[in-house]
Amino acid sequence: KDIRNSMPTIFVVVMCFVLPANYAFLRYCLCKRPFTTAPTPSLVTWKFIQSKVPWGLIFLLGGGFALAEGSKVSGMASMIGNALVVLKNLPHPVLLLVVILVAVFLTAFSSNVAIANIIIPVLAEMSVAIKVHPLYLILPAGLACSMAFHLPVSTPPNALVAGYANIRSKDMAIAGIGPTVISIVVLYVFSLTWGAVVYPNLNSFPDWAITPVLNATTH
């Protein structure tokens, strides 16, 4: 099997549990001091990991990936994408605005990782169904999911800041109104202008976009 990016990280973590925290053991190895009965502490202990690691953040991210994989394997993403074919009669700029607003609204009340993992496969299926370039909707939607300014549950950084600074959810929700409005306007305008410059083929439906539908039907 291929070695993934997580392997070096796991190796370093394991070595932190194995390597000693000091070099006193060298004196025992060179017989300069009598052997001690107490074990040499490691660089990292499980007690330290258990108290310092943000387990809620890990479950939050893992839950988002699990939701995305479940919606993909079960066919829910394909079903929702086909149900949204009714939106094909909307002009593309209006459809883009609707996608951005929906993504920003959903990520205000749930984890942006989970929302992105759910909405992006749905938009991919919908783009194929209505014959729109997938990147035309997926890229703005992915950026819109990052605009989580309202609640601690919206994104892990919000939860960390709210926890350490003791910020109330009400105060964070009110403070996030301005950044949300500005971000929506900037994202929508730049998607219609710079998006066409960076990706000049967004107005045409590519042949490679048909592949996800074939894969979904085989599952």
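Heads up, the Cβ atoms here are built off N, Cα and C, so glycines get one too.
Predicted automatically and left uncurated, TrEMBL annotations should be read as such.
Same-chain residues lying 6+ beyond the ends of the transmembrane segment (6-26) with a Cβ under 8 Å from its Cβ atoms: 40-46. Among the features that TrEMBL reports, transmembrane segment is placed at 6-26 (among others).
Per TrEMBL, transmembrane segment is recorded for 55-74 (among others).
Annotated transmembrane segment per TrEMBL: 94-123 (among others), in sequence order.
The transmembrane segment feature in TrEMBL is assigned to 135-153 (among others). Panel annotation: around the transmembrane segment (135-153), residues 92, 95-96, 99-100, 103-104, 106-112, 115-116, 119-120, 123-124, 126-127, 159, 161-163, 167, 169, 172-173, 175-177, 179-180, 183-184, 187-188, 191, 195, 199, 202 of the same chain, lying at least six beyond its termini, place a Cβ under 8 Å from a Cβ of the stretch.
The transmembrane segment feature in TrEMBL is assigned to 173-199 (among others). Residues 93, 96-97, 100-101, 104, 108, 135-136, 139-140, 143-144, 147, 149-151 of the same chain sit 6 or more residues outside the transmembrane segment (173-199) yet have a Cβ under 8 Å from a Cβ within it.
Counting residues 6+ beyond its ends, the transmembrane segment (94-123) has Cβ neighbours under 8 Å at 60-61, 63-65, 67-68, 71-72, 77, 80-81, 84, 87, 132, 134, 136-138, 140-142, 144-151, 153-156, 176, 180, 183-184, 187-188, 191-192 in the same chain.
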